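First comes the structure, then the notes that go with it.
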């Protein structure tokens, strides 16, 4: 993410090469190449599990039912007239998308637009030059766009897709269709804010003639109307300003739970059409959804782990499957720390990050489940985790670029290593610690890692290896399906002990974590098949039967007294907060 001009880059931050050929190959390695065996694991077949596991018809039916419940036949346009553009960004959904509904209400015709921005699709991360978007997330976003296009078509519209920068594309489209307003969701981090600024400046250069007799109406510029819609609680409903946001999550949560309320999902009219009747031919028609090949990427289909299906229909299908079909919501709090299989947690985070799923819709489904089935700690805990997601979004607004800086929001001074060989052993899953290696191989193969796994690998990188936390954060930025800057960097600053809340010091002991969360070594044996022949109780610490450990653990048994010198060097940190 862009840093402010007052924070010049120190050359020592740039020790890694810019996107080596080996790194490009790594990002498209087939899962089979990561394993020395393709025999079945102790938990069953290696075949990748689709999330959701519903058929396309089942997911479509669940989505249709949700759309039906949120459609209001009595909705009418407000008579604004003209053409409004909806600029889709990280809000790739139709249901509970206020930008869409506001554009429809204020116009006679709506033009949905998505810009394939090369800074995102082909750019590099800020400090270390990793690919900004890995192939797995790119494929997921392609599926999101395909589904968005289908759902808009069902609503009487379509999706215009253009390759290029939004600040170049949107003004030219607005001019061609004589749009009076561009509606979009507001973001909080610097790269996205810069694009908003540039789009607004570009629109100011466009002059739209007004109808009627000459000189009766002066020409005007299209306006950029930004709408808050990514969080459970609306920013305007917080009991404090963003600048006065508490630096402790619990204080934030208690305040919003007691003093704020979650707004209802927005309703949809029976049809969002029509699109503009003229101007589209002038700009080359609707365009097509990109392919991996057109983005210069390639991917081999995973043979194991989880395969997330992109798009709003899949997202609504997953909510239906997890809450209603499999009835897993009632045990979420008990199972959420699992690591193997699709149903130990909701797995909503990739769709939340792409905006294919509204957090308010999840909240309303939780409330509906509580009325129809059961209300317990597990049903509440899903909302608890959504509030954590809100918190990091608001923290990013409060602290700006400091969440990307080495010292974090509190400007903590610590000595970090940027040892490339050590980092690559972590990145590639070659540390000699099966629990670390299995998690990193899962990330590389699927674009996902459990909440528990994220906490463990973060702690190992920054506390056992002493590696610059930003290297881990930028690698996650490349790989994660559920990447969003606020959650990713917010979590990493906490894990590195440089976050806004200095109170907790969390070191994740690998022996303790393995014993608690993978006692039979099923998870590590799944991702590291060479361990399957080893006795279950030895799989996480197989000794000479596995590769050599690259570093010793700071606390190797979980019972030693804390190394006081280590604690002085590494400021207090915090657990890596959950992505659902």
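If you go along the chain as it appears here, the first residue is 1 and each next one adds 1.
Cβ coordinates come from backbone N, Cα and C, glycine included.
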Given ranges 535-557, 558-580, the stretch to which TrEMBL attaches the annotation region 'Disordered': 558-580
Listed recorded positions (332, 391, 492), ranked by Cβ neighbours within 10 Å, top entry: 492
For residue 483 (FAD binding site): intrachain residues, at least 6 apart, with Cβ closer than 8 Å: 137, 353, 476, 477
Residue 385 (FAD binding site) versus recorded sites 416, 469, 492 - nearest by Cα: 492
Cβ neighbour count within 10 Å of residue 388 (FAD binding site): 20
Spatial neighbour of residue 332 (FAD binding site) that is closest, considering only the recorded sites 416, 469, 492 and their CA atoms: 492
Residue 416 (site 'Electron transfer via tryptophanyl radical') and residue 492 (site 'Electron transfer via tryptophanyl radical'), Cα-Cα, nearest whole angstrom: 14
Residue among the recorded sites 416, 469 whose Cβ has the most other Cβ atoms within 10 Å: 469
